[in-house]
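The feature active site, proton acceptor is assigned by TrEMBL to 321. Residues or ranges marked as ATP binding site in TrEMBL: 182, 265, 266, 290, 291, 292, 293. The Mg(2+) binding site annotation in TrEMBL covers 291. Positions annotated as substrate binding site by TrEMBL: 319, 320, 321, 364, 365, 366, 420, 472, 473, 474, 475. Here TrEMBL flags 211-496 as domain 'Phosphofructokinase'. What TrEMBL records for 292 is site 'Important for substrate specificity'.
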């Protein structure tokens with residue numbers, strides 16, 4: 001297959017983090033660090049180049065570093081294809097054509113008849129530019145630089161969409177859809193679009209994806225479409241029978257929340273999953289989930305290659321936290337931000353109506369604060385926004401509690417929005433993990449509520465503190481219009497990618513266009529909020545909060 005050139009470079013964000021565990025304490029503190037800025041920038045560039053390049057570190061003193069860099073990423077971002085394993089794999093004229101809507105039959109084995117050629121296909125050489133800002137300096141807000149001079153390097157990724165040639169005959173396809181992890185608005189919408197290749201689109205986030213996948217599969221002419229219940233677990237537990245999917249089954253599923261197939265964490269090992277796929281005759285697998293789920297999908301792809309199985313494994317990123325690398329956003333995020341407004345408005349009313357009222361709202365975001373940041377900015381009612389990427393002090397002269405005291409003195413009430421992963425250093429750590437291997441977090445929302453009550457009691461100031469946690473209400477709601485569209489298109493493009501012969505890929509939206517990306521490049525670490533980004537600066541402008549350090 002065509003390789004990607006020029007390729008995408010590692011995302012060197014300044015200020016940046018060298019792993020998902022190390023969040024820099026920049027934000028507006030940047031001004032006080034300017035004397036050592038150049039030294040720190042060069043150091044971070046070296047660290048990031050070493051950590052994010054799986055082959056060799058970038059030596060910027062080498063005059064050929066740019067070309068070497070491009071060659072390395074040409075290899076990394078060349079998406080896997082069936083012909084990598086089966087060099088003589090046959091291709092067929094695509095059965096996907098929107099000039100005709102009638103079901104595919106043997107009469108159309110060579111494609112749909114048409115008076116003229118349909119120009120709705122994507123060329124394999126089409127590329128999408130990932131980054132559009134040419135930063136002139138590493139000190140520019142939100143700068144993402146490859147070298148200390150911020151040299152401009154075009155970063156291209158594969159454009160998603162239907163291809164003129166396909167590598168599976170629809171009548172031989174048995175497609176399976178599996179949803180893993182937690183609930184997220186839009187799951188059913190995606191599943192529905194996958195099936196439309198036979199019919200047409202589900203809507204909550206999981207439901208929307210399911211619908212999209214099913215409908216698109218039916219358009220291609222696929223007759224055998226199944227759902228694997230309760231995540232990867234459904235491959236191993238005999239009492240969990242696969243669920244037949246069709247347009248009739250999924251046509252209204254997008255009108256509700258949750259997942260038609262159910263979700264779960266954990267499951268059997270990779271070998272057992274592939275054994276089950278072989279027994280069932282599954283040769284297309286669509287996996288909906290976050291970083292952990294995608295890691296599993298990539299392992300399944302590798303095992304299929306090892307066994308020389310002609311199977312396409314395609315991921316659809318599902319994470320309400322919006323923490324998957326290289327993508328503008330993931331489905332469920334817009335809905336989460338919109339639904340969070342209800343909780344924030346309720347907290348505002350409670351706080352505003354009480355004498356010295358304080359409302360605390362905890363939102364989703366284990367390692368990234370995108371929901372809290374965007375929800376705070378959208379509401380205009382938040383006085384303090386706390387996210388995992390920006391450290392803060394609860395007590396002391398430059399602390400959250402001291403600022404709350406100032407807010408009560410000046411405006412009589414206050415509202416705090418905190419991401420669930422923020423301030424974990426204040427809580428007792430445990431070794432407990434969930435089924436996906438994630439560390440079980442302490443409840444920072446409850447902690448802030450208790451510490452706030454204790455603080456104001458100690459200083460003799462009355463305070464009425466209310467705490468709201470809308471997490472499970474948001475997760476289970478139906479997708480909004482924006483997420484509904486995103487779910488539908490992601491599901492459709494997942495099917496297009498599978499029929500085009502790609503495997504071990506995920507589909508996402510980059511720079512407003514839909515693209516295919518190799519799974520390893522999007523799961524190396526979680527995407528987090530850059531404390532020196534313009535969006536975080538906008539949030540700080542909205543809340544008016546100081547640095548709590």
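Cβ atoms here come from the backbone N, Cα and C positions, even for glycine.
Annotation for residue 420 (substrate binding site): same-chain Cβ neighbours under 8 Å, separated by at least 6 residues, are 362, 363, 364, 365, 366, 441, 443, 444, 445, 471. A distance of 10 Å separates the Cα atom of residue 319 (substrate binding site) from that of residue 293 (ATP binding site). Residue 291 (ATP binding site) sits 11 Å from the residue listed as 'active site, proton acceptor', taking the Cα positions as reference. Considering only the binding-site residues 290, 292, 293, the residue whose Cα is spatially closest to the Cα of residue 475 (substrate binding site) is 290.
You'll find the Cα of residue 473 (substrate binding site) roughly 15 Å from the Cα of residue 321 (active site, proton acceptor). For the domain 'Phosphofructokinase' (211-496), the model gives a mean pLDDT of 90.
Spatially close to residue 321 (active site, proton acceptor) yet at least six residues away along the chain are 290, 333, 364, 365, 366, 367, 368, 370, 371, 526, judged by Cβ distances under 8 angstroms. Cβ neighbour count for residue 475 (substrate binding site) (all protein chains, 10 Å cutoff from its Cβ): 22. Packing around residue 290 (ATP binding site) is summarised by its Cβ count: 25 other Cβ atoms lie within 10 angstroms of its Cβ, all protein chains included.
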